[in-house]
Every structure is written in structure tokens, then in C-alpha cells.
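Working notes for the structure below.
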Amino acid sequence: MGKKKRSASSSRWLNEHFSDQFVQKAHKQKLRSRAYFKIDEIQQTDKLFKQGMTVVDLGAAPGGWSQYVVSQIGGKGRVIACDILEMDPIVGVDFLQGDFRDENVLNALLARVGEDKVDVVMSDMAPNFSGMPSVDIPRAMYLVELALDMCKQVLASKGSFVVKVFQGEGFDEYLREIRSLFDVVKVRKPEASRGRSREVYIVATGYKG
């Protein structure tokens with residue numbers, strides 16, 4: 001039986017992926033993913049991470065963000081990461097594999113955080129996309145709402161939140177909610193984010209909790 005022919009959209013994505021300068025740079029530098037460059041650009045602009053911080057990384061696999069943050073917070077810092085997918089170990093990262101939407105996984109994650117509040121919550125979570133915005137955007141918004149709920153539980157006063165959000169229905173309301181909870185809120189589109197993608201990154205600092 002012959003191989004199943006790829007759709008035009010998946011073939012285009014693969015061509016874009018392997019010709020992408022950030023994919024090539026990540027491979028050359030032995031980085032986990034091109035997402036490393038997105039969080040690096042955000043750090044250069046917004047200065048979120050400092051030595052000794054505790055950071056929660058949601059949607060962490062394959063580990064690009066965690067890998068970057070470990071280099072910024074040093075040996076006395078902590079990264080607590082979670083993803084439904086497997087992730088190869090990273091020194092300095094406490095990784096929990098499981099579905100963040102599951103209450104048992106959430107409780108296990110909260111137990112790893114412990115009693116102390118964290119300095120930064122970051123989320124690069126995204127659903128499996130169907131290609132139908134009417135389905136995909138609500139799924140994506142559900143995940144970012146969960147990430148914000150996590151902030152409300154674990155983020156220290158004056159802490160920071162960075163979250164990937166897909167522009168569409170619910171985006172403006174979500175942005176308004178974040179602005180009510182943080183002193184300074186910016187919407188970033190890093191150079192390493194594909195131009196055709198609806199994704200942007202909300203960077204919020206000065207949590208009022």
C-alpha cells in the first residue's frame with residue numbers, strides 16, 4: 001500500500017519549518033526548540049528572569065523555554081515544568097508529565113510548587129489544532145484561562161506572567177482581565193514567531209495579588 005499523500009497545508013508547513021532560520025539555529029546550537037529564541041527576545045525586552053527565581057513553565061515540552069530560563073536564574077533558581085508530552089531531563093528543571101487540565105495533575109503540580117509563591121508563571125500551551133478557528137480558538141482560550149488561574153494560585157505579589165495567546169474570539173476580554181490584575185501589560189510578537197501565525201505573547205508584570 002502506498003504512502004498517504006500529505007495535504008498541501010502540511011507540506012507547506014514542513015517546508016517552512018525546515019527552511020526557518022530559527023529552526024536551523026536551534027538545531028545548530030543544540031537547543032530544544034525554536035521557542036528558545038522567542039523567550040530570549042522577550043527577556044531582552046522585558047527583563048523577567050533574574051538569578052535565584054522560581055518559575056513555573058506550562059506546556060514545557062520539548063523544553064526550549066525551560067532550557068533558556070535555567071540559564072538565566074542560575075543554580076539557586078527553580079523551574080517547575082509541566083506538559084502532557086514527554087520531555088527529556090534538563091538539569092535544574094523539575095518536570096511533571098501530565099494533562100494540566102486534570103485536577104490530579106494540577107494538584108501534583110501545586111504540591112511541587114509548595115507553600116512559597118513563585119516569581120514567574122509562563123505558558124506556551126496550545127491545543128492540537130484542527131484547522132477550524134471556530135473550534136481551535138475556544139480550545140486555546142480555555143488553556144490560557146487555566147494558566148491565568150494558576151497565576152492566581154501561585155504567583156507572588158509583583159510577579160510576572162508570560163502567555164502565548166491566539167488572536168480571535170475572547171482575546172480582547174482576556175487581555176482586559178490581565179490588565180486588571182497586573183501593573184504593566186504588553187503584547188509581543190517575537191521575531192521567531194511565524195508571521196502567518198495568530199500567536200502573540202502577553203507579557204504582564206507587577207502582579208497585584
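Here the Cβ of each residue, glycine as well, is placed from N, Cα and C on the backbone.
What Swiss-Prot records for the S-adenosyl-L-methionine site is GLY63, TRP65, ASP83, ASP99, and among ASP40, ASP124, ASP136, ASP149 the residue it adds there is ASP124.
Within the set GLY63, TRP65, ASP83, ASP99, ASP124 that the record links to S-adenosyl-L-methionine, no two Cα atoms are more than 18 Å apart, and one pair reaches that distance. In this structure the C-alpha atoms belonging to ASP83 (S-adenosyl-L-methionine binding site) and LYS164 (active site, proton acceptor) are separated by 15 Å.
Across the domain 'TRAM' (191-209), the model assigns an average pLDDT of 86. Cβ neighbour count for TRP65 (S-adenosyl-L-methionine binding site): 28 (other Cβ atoms within 10 Å of its Cβ, all protein chains included). Note: the domain 'TRAM' (191-209) comprises 0 helix, 9 strand, 10 coil (DSSP; helix = H, G, I, strand = E, B).
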